[in-house]
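I have placed the structure first, in the form of structure tokens, so that the comments after it can refer back to it.
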Amino acid sequence: MSTAILEARDLCAGYGKKQIVNGVSLSLNTGEVLLILGHNGAGKTTFVRALFGLMTPMAGQVLYEGKEITGRKPAANVADGIAFVPQGHGIFRSLSVHDNLELGGFVEPDKSVLPQRLEQINGLFPILKERASQTAGTLSGGQQQMLAIGMALMHEPRVLILDEPSIGLAPNLVERVMSSITEINQRFGTSILIIEQNVPLSLPIAHRAAVIKTGEVVYEGAPEPLQDHVKLMQLF
Amino acid sequence: MDLALQLLVNGVITGSHYALLGVGFGIIFATTRIVHFAYGPIFTVAAYMAWYSAAMLGLPIPVALLIAILAAVLLGVGSYVLLYEPFEKRQAPHLVPLIASLGLYIVLENLVGIIFGSGVRVVREFTNGIHFMGPVFFTTIHIWQVVVLVVLGGALAVFLRWTSYGKAVLAMTDNPEMARIIGIDTRKVAILVFAIGSAISAPSAVLILLKDGATTHMGFLAVFMAFVAVIVGGIGSIKGAVIGGFALGMVESLGMLRIPTEWQSSIAFMLLFLVVLLRPQGLFGAAMRR
């Protein structure tokens, strides 16, 4: 039986008095890729922001490796092995590609391991090595997304949360990003929670899938049934 | 020709002073997005603490400078922790810390007046030397104003480029939320930049004390020129603040060739209006995101 590495129990979250996530219970198992689908405004981003500590949940619990971390600050979560790649290329646009990657390892207490990690990431995304001294904001959209994922990997997280990594990318780049997510999962054993709207390209890489609608989980299970267009439309 | 050369030298000296103030104010503004107008009276407090230490207690000027730096750092960090941070935690709009800063400005300036009196305070023990180089002259304090910018500006550049916390400051300046996401303790960085920015203002304040004496209103010109240097140079750019400060000093000084001296204090306003009209993001600034 697989064990949950990151778990939300009846999580409620929102902005001000407006509740957007209404009691979501989901768990990411060790070593798996969990895909969360849902239309715009379904509450997916709010859910992962509350999970990662970027906003304080209104109710419910977040557990990491069986230990409660509800409302814990992102700095503590990152130091504990959780990484988050926000929607829309989470990079520092005015800094160089190299500086961005180095900052990705900010929480690493032993900085001597960073050059080796940098090599691993350059192996995964060779373009980042070629563009090391380039200002990150001048990279193409796909390269920025690779950089954002590379930064998240710099502190060797056990859990990687990705919020719509395909947004704004050309279809061939989406395929490239999706295949790199599979590679990260297989090569580093990283458990990955990925939010997506691009159903056809993200479903094949998922071990399990969930659908969120108006802040509630309406489907959780194998990804295959969601390939049925009619079923998916009913859930959306 | 001699006059132009003298005004050019004056421009470099005044520009160095404005640039340093701009860097101190700018690093706080760029990193935390707080318009810290209380930077002005903190500059005043630093000058008065140095005056009290040197003139009243008879301490050597380097010791007085250290006391001034300590006072500025304590007030700068205190203003963040006790005033601005509680508003940040409540997610107050940006206008609220700005108004709070103006309130703190008034309180601090009046406290200085109540404690030290309103007259001009000078350090009589210090004699300012005059140096001639061909047709131009400058004083020992003028040399120090340039040296302090080079040393502190250089030290800050090394800190930002080569240290882990320096890069954290640059990261937070670029994208505060992303800084939190990669695990930077943004509170620590905010406290750090308030300490650095305030510390930088103290040597400038002490040099003005030794040059012109301290008055309770001296902080207004300091924060105003720092603000103009930051806007001209570009919000979010520390290099911009240095160049903005120099541009301001140069325009103010060289403007005297054509503009009557009674208009000198208006030049900063004219430069500010021109930049805001023609290049609102400043010379080196990018459009602000957030």
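Note that Cβ sites are derived from N, Cα and C of the backbone, with glycine treated the same way.
The model shown is predicted, which means the values in this text are computed figures rather than measured ones.
The feature transmembrane segment is assigned by TrEMBL to B:12-30, B:37-55, B:61-83, B:95-116, B:136-160, B:189-210, B:216-235, B:267-287.
Same-chain residues lying 6+ beyond the ends of the transmembrane segment (B:189-210) with a Cβ under 8 Å from its Cβ atoms: 17, 20-21, 23-28, 31-32, 36, 39, 42-44, 46-47, 50-51, 61, 64-65, 68-69, 71-73, 75-77, 79-81, 85, 121-123, 126, 128, 141, 144-145, 148, 152, 156, 159, 165, 168-169, 172, 179, 218, 222. Against the transmembrane segment (B:37-55), the recorded stretches B:12-30, B:95-116, B:136-160, B:216-235, B:267-287 differ in Cβ pairs under 8 Å, and the greatest number is found for B:95-116. Remote same-chain partners of the transmembrane segment (B:12-30), defined as residues 6 or more beyond its termini with a Cβ less than 8 Å from a stretch Cβ, comprise 36, 39, 43, 76, 138, 142, 145-146, 148-149, 152-153, 156, 169, 173, 193-194, 196-201, 203-204, 207-208, 222-223, 225-230, 233, 235-238, 240-250, 252-253. Here the transmembrane segment (B:136-160) has long-range neighbours at 2, 5-6, 9, 12-13, 16-17, 19-20, 23, 27, 128-130, 166-167, 169-170, 196, 200, 203-204, 207, 210-211, 238, 242, meaning same-chain residues at least 6 beyond its ends whose C-beta is under 8 angstroms from one of its own.
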